[in-house]
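Among the features that TrEMBL reports, (6S)-5,6,7,8-tetrahydrofolate binding site is placed at Leu117, Ala121, His122, Ile123, Glu244. What TrEMBL records for 23-383 is domain 'Serine hydroxymethyltransferase-like'. Taken from TrEMBL, the feature N6-(pyridoxal phosphate)lysine covers Lys227. What TrEMBL lists as site 'Plays an important role in substrate specificity' is His226.
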Amino acid sequence: MTAISRNAKFVRENVILHNSFFENSIPLIASENLISPLQREMLNSDFNGRYAEGWPGHRYYQGNEYVDRVELRGIELAKKLFRCNFADLRPISGTVANMAVLFALTSPGETITAPALSDGAHISTARFGAVGFRGLNTVTYPFDSERMTLDIDGTARVLREVRPKVALFGMSLFLFPVPLRELADVFNEVGCTVWYDGAHVLGLIAGGQFQDPLREGAHVISASTHKTFPGPNHGIVLANPKDEEMEKALMRGVFPGVTSNHHLHEMAALCIALDEMSRFGRSYARQIVRNSRALAESLYDRGFGVLAADYGFTASHAVALNVAALGGGSACAELLESANIVVNKNLLPGDKSSQNPSGLRLGTQEVTHLGMKTGDMEEIASFFERLLVKKEDPARVRKDVISFKRGFRKLKYCYGEGYPAYRFERFLR
Ligand SMILES: *Cc1c(COP(=O)(O)O)cnc(C)c1O
């Protein structure tokens, strides 16, 4: 038998070190999560590396009998969970799902309306991201940075002025629901297709704890399936298409538009995640929102500049902090990392520099997945205070973080509850 090379060992050792870093850390990145043991089985299967171009039952390659069964079951699960008429499980990420929708519903040279990057939108909806790739122009909505949500009157005005074919909503710093109901009359008047980017909040929508875009005026949802939705790295498109033409356009947008191989192992894991969310989603999502409110409140009580303080801080998994007075987003995020607390710096409304923005973004979905409750959020807030306010030695705080995290290494809200979340499976010695 050939011995494992030094390079291969190096790679594996560093992956294991990464696992162990996260095992000993408090993960608060608002766009990340862990996956269940049954989903991990799917990722390890022969579905990896196969092709199944086309729609189930209408493929271009042979060998897809079982793939088709799985994907059709997943489509049914998605339609049921999100109460919609159309689900496409083939986009391989949220950005790819966005590109598929852009491909389907717009033509180069057109103008769409979208939220602004500095107000918390995602790069894929910006001119230098996927929107620009499609050759589109954007007009952004005015934002109410006190309430951390769209300025409704201003948004209505923009929609009436631009009369876009497609109006895009949804954020990466997503604290409160989009006021879709309030804008419903304007959507009708303008006749636009309403597109909701639910990458961050898909798990909350699935658990019935945020808003229900398809009941509130949206025609299409695109999303990642690995943020609050605790599935594999993948994407999804969900819709109540206006007509058959729109449904066909969405399908063509995904394939051949922006995918070939749709990562069948991830697709199978996504099917499991859809089923798990139909069982465990409600209690999981409810606890996420409880935890984010508790974290925000506890940080606020310790003097942190939590945004939207007059409006309940958050209605999602996310919490936004202004740390300009504590050295800025970059320095604070690095200091937290040195004590094994993982967050990201974030632009806040009014910020100019994305290299040193004034904010931190936190999310409670992953720690909730690991079983944390509101009392644990106070513990986390106290670590923030010790590090960023009291300037305690990070090495000392780190010790306490590691010992705190020992109680949270197993997954909840899935089949095989209690399975070690950070287990690394070695096939070779
Ligand atoms: C994360 C995110 C995406 C992109 O998702 P990926 O799966 O990382 O490609 C798209 N839109 C929004 C609003 C996001 O936050």
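Glycine is no exception: its Cβ is also placed from the backbone N, Cα and C atoms.
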- Item | Close-lying recorded positions around ligand 1 among Ala121, His122, Ile123, His226, Glu244, where CB distance stays under 6 Å | His122
- Query: Do you know offhand how many angstrom separate Ile123 ((6S)-5,6,7,8-tetrahydrofolate binding site) and His226 (site 'Plays an important role in substrate specificity') by C-alpha?
  - Reply: 17
- Message: If I restrict to non-local contacts, at least six residues apart, and a C-beta distance under 8 angstroms, what lies near Ala121 ((6S)-5,6,7,8-tetrahydrofolate binding site) in its own chain?
- Response: Ala114, Pro115, Thr140, Gly170, Met171, Ser172
- Sequence-ordered list of residues in the chain of His226 (site 'Plays an important role in substrate specificity') that lie 6 or more positions away and have a Cβ within less than 8 Å of its Cβ, or none, is Ser31, Glu32, Asn33, Ile35, Pro232, Asn233, His234
- Indicate the candidate from Leu117, Ile123 with the smallest number of other Cβ atoms within 10 Å of its Cβ, considering only these binding-site residues. Ile123
- Query: Can you tell which of the binding-site residues Leu117, His122, Glu244 lies nearest to Lys227 (N6-(pyridoxal phosphate)lysine) in space, using Cα positions?
  - Reply: His122
- Including all protein chains displayed, how many Cβ atoms other than that of His122 ((6S)-5,6,7,8-tetrahydrofolate binding site) lie within 10 Å of its Cβ? 24
- Query: Given the recorded positions Lys227, Glu244, and counting only Cβ atoms in the protein chains shown, which has the most within 10 Å of its Cβ?
  - Reply: Lys227
